[in-house]
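Below: one structure, written as structure tokens.
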Amino acid sequence: LPDLSADLVNRFLSENPDFLDNYVLHHVHEDRLQQWSLRKSRALRHHKSSEHLINGDIVKEKKSRWKNCLQSNKWKVLHELTREMNTHTNRTQVLTELANCAAESINADGHNLYIVDDHNQLHLYSKSNKNQRPSTTCIGHIETKTTLPAYVAHCKEAVRTNNLVDDHRFPRGLGIPSGKAASAIAIPLLQGNSGIIGVVEFYRNYGNLSFCSEDEEVAMMLLVWADICIEYVEMYNNMMKQRKLNDFLLTVTKSIFQDIVSMDTVIMKIMNYAKKLVNADRASLFLLDTQSRELYARIFDTGKVEEHAPQKEIRFPMDKGVAGHVASTGQILNIVDAYTDIRFNRDVDLQTGYRTKSILCMPIYIRGNIIGVVQMVNKIDGAFTTADEESFETFAIYCGLALHHAKLYDKIRRSEQKYKVAVEVLSYHSQCTDEEYQSIKERPLPDQAPMAILDYRFSPWSIEGDDKPVYVLYMMRDIFQMHSQFDLDDITRFTLTVRKNYRNVPYHNWAHAFSVAHAVFTVIKTAKHQFTPVECLALFVACLCHDLDHRGKTNAFMVKSASPLAAIYSTSTMEHHHFNHTVTILQNDGHNIFKYLSSAEYKQILGDIRHCILATDLALFFGNKSRLQDICSKGEFSWDKMEHRRLVMANSMTACDLCSMYKPWDIQLQLVDVIMEEFWQQGDEEKKLGKLPHPMMDRENAPELPETQGDEERSQGLTPMPMMDRRKKNELPQLEVGFLVGICLPCYELMAMVLPETQPMVDGAVDNLKRWRELADQQNEKEENDEESESKDKSKNSKEDEDQTVSKNDSEHSSEQKEEDSSNTKDTDDVQTSEQVTQRESDLDSARVQADDEMTQ
């Protein structure tokens with residue numbers, strides 16, 4: 001088509017508009033149509049002057065599509081607009097973005113955004129370009145008959161006027177005077193129930209088309225999003241603010257609680273972090289002295305770094321100053337101008353030369369009680385806000401916790417120092433004296449002890465008190481020689497100190513410890529075992545120390561009486577205490593009998609001693625016995641396995657702890673009385689504490705209380721186990737039979753199964769069991785005879801009571817009959833002589849005597 005030109009095409013399209021419409025409808029893309037519309041809009045406005053607009057026209061070109069695009073694209077624009085709102089974190093920025101978008105959509109020549117403050121004043125918000133900081137200018141109060149934005153803010157309704165100059169509702173025209181504006185639209189920005197937050201006004205200059213209802217609808221349609229967008233932004237801001245506060249509090253918590261050295265350190269950190277939180281210049285923290293009703297402080301923020309500044313405590317009454325008012329009332333104070341508040345004390349400023357302007361003062365609570373006051377002075381960038389109060393109130397909770405823990409730390413630290421002093425004092429007084437050490441040191445140890453000491457029937461209680469340490473030294477030296485070198489001086493001090501740390505209780509005393517140590521020494525020396533030398537040493541030391549500092553009370557008593565030991569050790573209370581006391585003695589100077597052992601051996605022997613001492617708790621015996629018995633019955637026992645050896649060690653500890661039960665009869669009979677005395681003492685102690693004693697421990701509550709007991713104990717109604725009742729000693733043989741059969745013999749028989757050389761334990765226990773059974777049978781026979789005799793006596797007394805009752809009834813009946821006859825006679829004869837009256841009384845006496853004789857027969 002060589003003759004085709006642009007003029008021909010223009011003429012053809014002008015003469016055939018239907019062809020153009022059909023072509024555009026079927027062949028032109030929607031985006032091309034929008035581009036054409038944009039070019040057309042710009043061409044129409046090209047002739048207008050490029051005057052400076054207050055808010056500027058710096059917006060993205062795509063936002064001007066609004067008026068000419070299809071309805072489906074309107075929602076697309078709104079979606080893009082909402083997405084861009086995510087980049088704005090300020091309410092005013094969101095409103096500015098919405099106003100810019102609306103202005104472009106309705107082809108306004110200019111627009112202004114006004115923000116309403118808390119005092120109902122309008123402020124013009126202006127920003128010429130992106131790099132310029134926004135500014136605000138107050139244009140007056142919200143009222144009528146002034147300006148267009150003031151009128152709209154007052155009425156809270158949109159206004160459109162095409163005669164701005166002559167409209168009497170707002171004679172001053174726009175908020176910012178403009179001699180060129182002819183037509184205007186002003187729309188209020190409302191946010192929920194909180195009222196108006198701003199006004200947006202759009203205007204067109206003279207020479208341009210006036211705004212129409214469609215323009216107003218488009219602008220309102222966009223600005224109605226203001227409420228939603230602002231709510232979203234504020235929610236986002238609050239969430240970010242809370243997140244920053246949480247991060248801040250987490251940092252504070254880590255810093256304070258990980259480094260609680262002293263109360264002063266915590267106070268300094270609280271003051272420093274508090275200043276950062278609210279951007280204050282100075283900070284003070286006052287603690288409350290509840291006894292003197294005063295506030296006091298030792299740490300002061302002078303604005304200078306003074307690492308070694310002298311501490312000088314100041315005090316002042318609770319009812320003085322801002323801090324005193326807060327401490328007295330618990331009220332939070334946010335003072336904008338301190339010198340206008342009568343509660344402010346100016347003397348401090350006069351002394352320091354510092355000028356106090358604003359104050360934020362907050363009480364610090366712990367468990368609902370005020371423990372102090374923290375005070376912020378002079379916010380750096382203005383006055384303290386409500387947001388500062390809210391953040392600071394949350395921070396004050398952490399301050400309270402930090403101060404509370406700091407006080408606890410100080411108490412713990414002081415208690416720890418007191419504990420160290422007490423341990424040092426007790427350790428000194430609980431060690432053997434030099435005189436005791438020298439007295440034993442001067443006595444030579446025999447090269448070989450009597451053979452009787454290795455006899456299972458030997459009585460260690462027959463050895464005198466001062467001779468027992470010598471025997472211990474001999475036995476321990478003998479066991480030490482199985483392994484390595486030793487220091488006899490340390491062994492001597494250790495033995496004497498162990499003796500000194502046993503209490504003077506009836507049974508669990510030094511004599512008992514010596515007997516148990518002798519029993520295990522007998523096993524070690526006579527049985528063909530395969531214990532290692534370290535294990536042999538651990539067994540002997542454990543037996544010697546297994547009841548250290550025993551109070552003559554059971555574990556159950558310790559728990560029931562809320563003993564501090566029970567609070568420390570929840571299970572095997574006394575056994576844990578015995579072991580720890582052993583370790584304490586070993587740590588004393590001159591008492592470490594294991595100092596020549598290697599580190600590995602030292603660790604092993606302490607572990608074995610602990611295992612052995614804990615095994616003396618009968619609550620653990622049954623489990624250990626069952627496991628060892630099961631292994632032996634299956635033929636799987638091996639001395640090469642440490643687990644098997646440890647089970648034998650545990651069973652050996654129980655067997656030796658109960659060594660009195662296989663000793664000769666005369667020895668055992670004496671020891672049983674001693675053991676029972678300790679049980680009964682515990683029962684007496686429990687009743688003194690007002691607690692129900694274990695039945696085994698009650699000496700008094702027999703079916704018939706002894707005459708020496710008062711009504712108070714009689715009214716307690718306790719029902720003790722017979723073994724622990726002094727009044728039921730007659731039942732002791734049967735109880736001993738049960739103890740031997742249920743615990744002792746199974747333990748000894750298991751020992752003999754693993755170590756046949758310990759068969760004398762079984763034999764001795766069996767012999768004693770026969771004697772106890774004989775006593776039990778005799779006692780049962782005696783009780784049966786007593787019951788039969790008592791039954792006969794009760795039957796005879798019952799028959800006599802019945803006969804006596806019948807005779808008494810007959811006598812009373814006879815007497816009543818004679819009295820009745822006498823009364824009838826008196827009625828018939830009103831005058832009677834004294835002789836007749838006397839005769840009747842004599843007859844009555846005779847009847848009574850006769851009735852008494854009958855009852856006697």
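Even glycines carry a Cβ here, placed using N, Cα and C.
Because TrEMBL annotations are produced automatically, they should be read as predictions rather than curated entries.
Record check: TrEMBL places His512, His546, Asp547 at the Zn(2+) 1 site, and the matching candidate among Asp410, Asp630, Asp640, Asp657 is Asp657. Annotated Zn(2+) 1 site His512, His546, Asp547, Asp657; additional same-chain residues within 8 Å of its Cβ mean position, judged by their own Cβ, are His508, Ala513, Val516, Cys543, His550, Thr616. According to DSSP, His546 (Zn(2+) 1 binding site) sits in a coil region rather than a helix or strand. In the predicted model, the domain 'PDEase' (433-779) has a mean pLDDT of 86. In terms of local Cβ density within 10 Å, His546 ranks first among the binding-site residues His512, His546.
The C-beta environment of Asp547 (Zn(2+) 1 binding site), restricted to residues of the same chain at least 6 apart in sequence and closer than 8 Å, consists of Tyr502, His508, His512, Ala513, Val516, Met574, His578, Thr616. The Cβ of Asp657 (Zn(2+) 1 binding site) has 23 neighbouring Cβ atoms from other residues within 10 Å, across all protein chains displayed.
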